[in-house]
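J.: Per TrEMBL, the features are:
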REGION    1-46  region 'Disordered'
COMPBIAS  23-37  compositional bias 'Basic and acidic residues'
TRANSMEM  60-79  transmembrane segment
TRANSMEM  99-119  transmembrane segment
TRANSMEM  131-156  transmembrane segment
TRANSMEM  176-195  transmembrane segment
TRANSMEM  231-249  transmembrane segment
TRANSMEM  255-276  transmembrane segment
TRANSMEM  318-340  transmembrane segment
TRANSMEM  360-378  transmembrane segment
TRANSMEM  426-448  transmembrane segment
TRANSMEM  454-480  transmembrane segment
REGION    489-517  region 'Disordered'
TRANSMEM  546-572  transmembrane segment
TRANSMEM  592-614  transmembrane segment
Amino acid sequence: MLPPTADADQEDPTTQITWPNSRRRESDSSNVLHDEPQIPYEQDTTMTGKPKVLKKRLSTWDLITLSISMLGAQIVWTVELGYGTPFLLSLGISEQLTALVWLAGPISGLIAQPVIGAVSDSSTSKYRRRYWVILATVVLVVSTLVLAYCEVLAAFFVDLFQVGAGDWDEKRTTRVANTAICLAIVAFYLLDFALNGLQASLRNLLLDVTPASQLNAGNAWHGRMTHAGNIIGFGFGFLPLAKLPFFRLLGGTQFRKFCILCIIILVITVWTTCALHEEQEREKKSSSQGKTREIWNNIKVAVLNLPKPIRRVCYVQFFAFMGWFPFLFYSTTYVGQVMALELGREPDPDLATRTGEFAMLLYSIVAVIAGTVLPHLANRDRRLMAHKDDVDEDAELTRIKNTVRQWKAEAARNGKPLRLPMMPFLLRNIWTGALLWFSVLTLSTFFVKTVTQATVFIALVGVCWAVAMWAPFAIIMELLKELSENNQLSNDDRRPLHSRTHSTPGLRNVHSSEHQPLLRRRSLEEFGNDANDESSRRTPVAGGTILGVHNLAIVMPQFVVAVVTSIIFRIADGNTVVEGGDESDAYFGKNGVAWVLRFGGVCTLIGAVIARMVPPTPTEKAMRRRLGDMRDLKEEMGA
């Protein structure tokens, strides 16, 4: 027997097999009984057997270069997450206006990702995804440069229009400050829109370029790069960049130097991805609709006809991010409040902030480790995967029967019982476990009394974040691949599906008592999936658009959280001042953040319940069916 593979980039698909009632089979890259060299290309075929698409299998290096742009994007994101608010406050923006600036995040998520997904879906060019990647990168570079030099640019424009008599003129100083604020706000909005566009386009590129059998590995690498970007971003933010030779020449504050460093990393990573990977050019389709109407119809159809499995994933994401946004926004503040509770007084603001950022750094490190380890729980045993000779279900069942017989003979020679392969953890189970773990951790804040305990709590949440950046995207991309393939099948061949209960030509020489239960069970599985498959075949699939709709389920909770948290803060903290405290205290005597985190934990608990309704992926269904066949054959053989 071959041991199960452990390499995520070899045979670790979340999407390789079509739905169980489809006659078409994907080729596996290795024989079940013999080690064979991997097939360098995966061939997508129609039901008539005609080759449709040839996709090159990606090596580990290919997956890294395809995903490395996510690292650059996340590092730029840390400019906003870690240093945006202090920078805006240093320009003289009030806290109320700062809150309005950060509405750029959900607004850009609502608009940028669905629109860019729909526009790129409607394109047939082999640059349809990379065009938006490069355009978003250019906007990011410009907006980040504006942030880095906004005060210098403000002074330049004020002097250009000859406002004030000179540097000593108060009118000029006021106009420079106001202009700098305007430039910063516009730059942050551009940065948010460009980041959403870049991340959406990178995920669309992953969906287009990666073979179906490697989507799990591809999404896992996306998650790892995201976590690594957090670590690098926060880590460089702590370094004294002014002491480095090159950055010393830039002048200005630490923020300016950090922005320039982020730009350099972003350009290098995006160039690497775009230079080494390209989409396949699509066949042009004649359309009586205008371009704008076609794009709008893509979005409309995606929203109204969202397939039920993907809709359930979106429901889970909505409640999951009802929990994530409070944590992401207020975790550092929570550390400060716990510090005040432990000290019995208002802590030093800088110390509280640094302690909170240290906890977030540990959280990022844990996320990287978990993002590297956890995807291996979903590794697929090659013995349960499709075989290149499985041209139809009869051939597959014959192969499984012969394989089990050989395993039994081999086990008998070794004097051991026959042991069948084991099913890996289902992606939905891993996702459910992460949501439950998040709920347990946030509800444990009832017992957190020290800074050390708060730091451990925040660090452990990194495990949940690692799953959140991997599992749901792997699930939804597999479903998209399968819907696309089923839609293609219905267009190419509308003949009725083959029924195994009436004809079994591949097993005519086998006694009926040995295979009839398997045929009956498989036929029932096929009947149970007909309805879902029929609806999916009626729905045209636009991967980028649906990924954009999925992103709506992620950003919409931010608006709800903004309202709910304000109510919780008013109830929990109010305007009361504890004994020995002061009205200006930011941490002492306040406990609202803990209640906000607990609210998030309850929401993720609801998400975990809904996650149980997300169906197993097509590959997981096919693997479970093959394992069931093996178990039935084992019982019939008396092993």
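Every residue gets a Cβ built from N, Cα and C, even glycine.
Walk me through the surroundings of each of these features.
T.: If you look at the transmembrane segment (60-79), the same-chain residues 6 or more away from its ends with a CB under 8 A from one of its CBs are 7, 9, 133, 140, 144, 147, 191, 195, 198-199, 202, 205-206, 209-210, 214, 217-218, 221-222, 224-226, 228-230, 232-234, 236-237, 258-259, 262-263, 265-270, 272-273, 276-277.
Tertiary neighbourhood of the transmembrane segment (99-119): same-chain residues 84-85, 88, 93, 132, 185, 188-189, 191-193, 195-197, 199-201, 204, 295-296, 298-299, 302, 542-549, 551-552, 554-556, 558-559, selected by CB-CB distance under 8 Å and a gap of 6+ residues from either end.
Same-chain residues lying 6 or more positions outside the transmembrane segment (176-195) and placing a CB less than 8 Å from one of its CB atoms are 73, 76-77, 79-80, 84, 87-88, 91-93, 101, 104-105, 107-108, 111-112, 136-137, 139-140, 142-144, 146-147, 150-151, 153-155, 157-158.
Within the chain, the transmembrane segment (231-249) has long-range Cβ neighbours (under 8 A, six or more residues past its boundaries) at 71, 74-79, 82-83, 257-258, 260-262, 265, 357, 360-361, 364-365, 368.
Away from its own ends, the transmembrane segment (360-378) comes close to residues 6, 8, 12, 14, 216-217, 220, 223-224, 227-228, 230-231, 234-235, 331-332, 424-427, 430, 455, 458-463, 465-467, 469-470, 474 of its chain (Cβ-Cβ under 8 Å, at least six residues beyond either end).
Remote same-chain partners of the transmembrane segment (546-572), defined as residues 6 or more beyond its termini with a Cβ less than 8 Å from a stretch Cβ, comprise 105-106, 109-110, 113-118, 196, 200, 203-204, 207, 299, 302-303, 306, 310, 313-315, 317-319, 321-322, 324-326, 329-330, 476-477, 480, 590-592, 595-596, 599-600.
Long-range neighbours of the transmembrane segment (592-614) within the same chain, counting only residues 6 or more positions beyond its ends whose Cβ lies under 8 Å from a Cβ of the stretch, are 309, 312-313, 315-320, 322-327, 330-331, 333-334, 337, 428, 431-432, 435-436, 438-443, 445-446, 448, 475, 561, 564-565, 568-569, 572-573.
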J.: Are the transmembrane segment (454-480) and the transmembrane segment (255-276) close enough to be called in contact, which here means at least 3 C-beta pairs under 8 A that are separated by 6 or more residues?
T.: no
J.: Would you say the transmembrane segment (255-276) and the transmembrane segment (318-340) are touching, if the rule is that at least three C-beta pairs must lie under 8 angstroms and be 6 or more residues apart?
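T.: By the criterion, they do not touch.
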